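**Student:** Before I ask anything, here is the structure I am working with.
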Amino acid sequence: MSDFTSSFWSWYVIAITVGGLAFCVFILAVASKRTVMADDNSTGHTWDVDLREMNNPLPRWWMGLFILTVVFAVIYLALYPGLGINKGTLNWSSAGQLEAEHAKARQTMAPLYERFMAMGPEALAQDKQAMGIGERLFVNNCAGCHGSDGRGSKSFPNLTDNDWLGGSGVDYIAKTIAEGRQGMMPPMGAAVGTPEDVKNVANYVLSLSGSAHNAIAAQLGKSKFGACAACHGADGKGLQAMGAPNLTDKVWLHGWGEAAVIAMINGGKTNVMPQHASRLSPEQTKVLAAYVWSLSHKGDPKTALAAPQ
Amino acid sequence: MDSRTDTSTTVQGAVKTVSLYQKSKKIYPRAVHGFFSNWRWALVWITQIVFYGMPWLQWNDRQAVLFDLLTRRFYIGGLVLYPQDFIYLTGLLIISAYALFLFTAVAGRLWCGYACPQTVYTEIFLWFEHRFEGDRAQRMRLDAAPWNGEKILRKGGKQLAWILFALWTGFTFVGYFTPIRSLGASVLSLGLGPWEWFWVLFYAFATYGNAGFMREQVCKYMCPYARFQSAMFDKDTLIISYDAERGDPRGARGKKVDPKSKGLGDCVDCGVCVQVCPTGIDIRNGLQYECIGCSACIDACDGIMDKMGYEPGLIRYATQHSLQQHLTRAQMWRRAFRPRVLIYTAILVLIVGAVGTSLWLRSPFRVDVVRDRATLARIVDEGRIENVYRLQIMNATEQTQRFRIAASGLPDLKVDQTSDIEVGPAEAQWVTVSVQAGFEAATQAGPGSHEIHFDVERVDAKGAPAVVREKSTFIVPR
């Protein structure tokens, strides 16, 4: 009853509903008879000289149907919510019905998921039915950030490559789906030094992967990389245990180019993948993890990455 | 509803109180035989053989006509229709409507009299009634008689026959929506699902109630067609008419007496035309909205005329003009070709042609393009701009088909698709497709949305090659 601030409106609705029903019955009882002229079966009303209202009675079953609708309304209002805040004797609610339908769906799906639970991730990735379900789970739960094809976007990781920040394998994916993840890079501008130093370090970072960079700046920045090495390693290859990205590949999660790297060093970043354990059952999570895993393991990598037609 | 009164007398007479709700009078239509009644029975047979027979036909190892609501596929012979093909239903409804306009303008309520399920099932139920309880007079006697063994037997037998027939009808109806052969097996083991039970019983109940009890009440009070027929009739519409000029004044006379000597017309006032009428009207009062055009009165009257040795056709299909202006049959029929009828015919032919052609040229598959709901665009290797789409490819045939996807509309567009997409018989498949535009091309096109289209081509076409083109947009970020 959050829509209304006082119980007055509940009583208002009840009064109108019950009053309306009572009025229908009253009208049926009182106004079912009419006076007509016995000789010509008209009501005696005449307009425009000779236009007369004839008595044209409805069939009685029609009235029967009307009474039935009133009876139906009474029964319905007794069983279901409708009369103000009265919940009805069946205690029905849309949320309850949804839950019941979910339970029923879970029950029908149970044997299917039971089969899936007995399978390994590779077998699941080969199973057409499992992957069909996995795809739908992905589109409904993951595509909002990672895209329908799982290739992500800026700040949303690409799931189809083999670059994994904090670990790899199906279990890692399943854990990430269930519990979520938080990636954090602290602001390092002050630790690196002057803005000029930051620029030099950025160029050094770009040079690690052979991306476009200023070679002189990179040379100058090398000595300042020590501030980054604690997480990314002295060689910049990252540390999976910490979730620190490899800087020597060309995967740029938060943007590509000098400006993006400088912004990252100065501002840091907190990146969040939300937990899904409250939305997905462990069985669903397993199937979904196998689907995500399959995105980066589509058969032979050579054919999977062949030139588009 | 016999409220025809002489309007010239508006005498303020006695007053009485009546109920606004009238108990309906039971009508006992008398059985009738003749030319039109044979036609009516022929149509009963045709429509019912089609209705009860069709779900049993097989095609390609499945039911030939099946409206599969669960998977949203409608199978009609070799035709597999998707919800996207709903336009054909619209076409069918328009054709039905125009056919109704045309037939009504030419010959009145042909539909009501010969093909309407309400009439057809009433006819069948009346036939059962006739078998068990006899004809009109016997039925009236039986209803008036006190309950005894014979009455229970006759009435009970009739009800049993009605109920069995109605159940079979309900079963057949559900058989159009769920495979009837397995449905039959589930009925025998009482293993139907709750909705199947509901619809079998509901449709059976509707048949039983409408054809057994409601009968003419449906036509008189529920059916809207009766109400707007006046907009479709004109004075050249064939209606069932009583030739008042020839028939009146009415009166009884011996077979050998010349009516003219008694100052009488040809109508012997036997009342048979009223007794056979399933809606209980007297056609001699002229056209009434209750008249469903079943022509039972024509057959009945012709029978009497024959017995009396008079010409048939005192009650006949005639137009108002032909009665007033004493047209010959040929003259009357010539008037059928009036602008209204010709226009209806032309439109009908046009629409039938259009729907037929579009069905004939229908693509063997359909494609829906949905842009990715999350990612607008992203930049991948070499600065290429990538957009993601989901394509739903619906196979509208019963063979597996393979498809290749191409996109065009911007220079240097590439579809990142590695292998042909295979879609099984009558299946629909979602395919996620990434489309890339080269950096140069994208810069030249400028930021914003650009119209592109997908060409989905069937590659292993055993039949004619087929391409479906669907529009979409490609977004280049700023």
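Placed from the backbone N, Cα and C atoms, the Cβ positions cover glycine too.
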**Student:** For the heme c 2 site that TrEMBL lists with A:C228, A:C231, A:H232, give the additional residue from the candidates A:M131, A:M185.
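**Tutor:** Record check against TrEMBL: heme c 2 site with A:C228, A:C231, A:H232, extra candidate from A:M131, A:M185 is A:M185.
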**Student:** State the count of C-beta atoms found within 10 angstroms of the C-beta of A:C231 (heme c 2 binding site), not counting that atom itself.
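**Tutor:** Cβ-Cβ neighbours of A:C231 (heme c 2 binding site) within 10 Å number 16.
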**Student:** Given the binding-site residues A:M185, A:C228, A:C231, A:H232, state which is nearest to A:C145 (heme c 1 binding site) when distance is taken between Cα atoms.
**Tutor:** A:M185
**Student:** Rounded to the nearest angstrom, how far is the Cα of A:C142 (heme c 1 binding site) from the Cα of A:C231 (heme c 2 binding site)?
**Tutor:** 29
**Student:** For A:H232 (heme c 2 binding site) and A:C142 (heme c 1 binding site), determine the Cα separation and express it in whole Å.
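**Tutor:** On Cα coordinates alone, these residues lie 28 Å apart.
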**Student:** Quick check: of the binding-site residues listed here (A:C142, A:H146, A:M273), which one has the Cα closest to that of A:M185 (heme c 2 binding site)?
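**Tutor:** Closest recorded candidate to A:M185 (heme c 2 binding site) by Cα: A:M273.
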**Student:** What's the number of neighbouring CB atoms sitting within 10 A of the CB on A:C142 (heme c 1 binding site)?
**Tutor:** 22
**Student:** Please give me the CB contact count at 10 A for A:M185 (heme c 2 binding site), counting all chains in the structure.
**Tutor:** 19
**Student:** Filter the binding-site residues A:C142, A:C145, A:M185, A:C228, A:C231, A:M273 down to the ones with a Cβ under 8 Å from chain B's Cβ atoms, keeping sequence order.
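**Tutor:** So the ones by chain B are A:C145.
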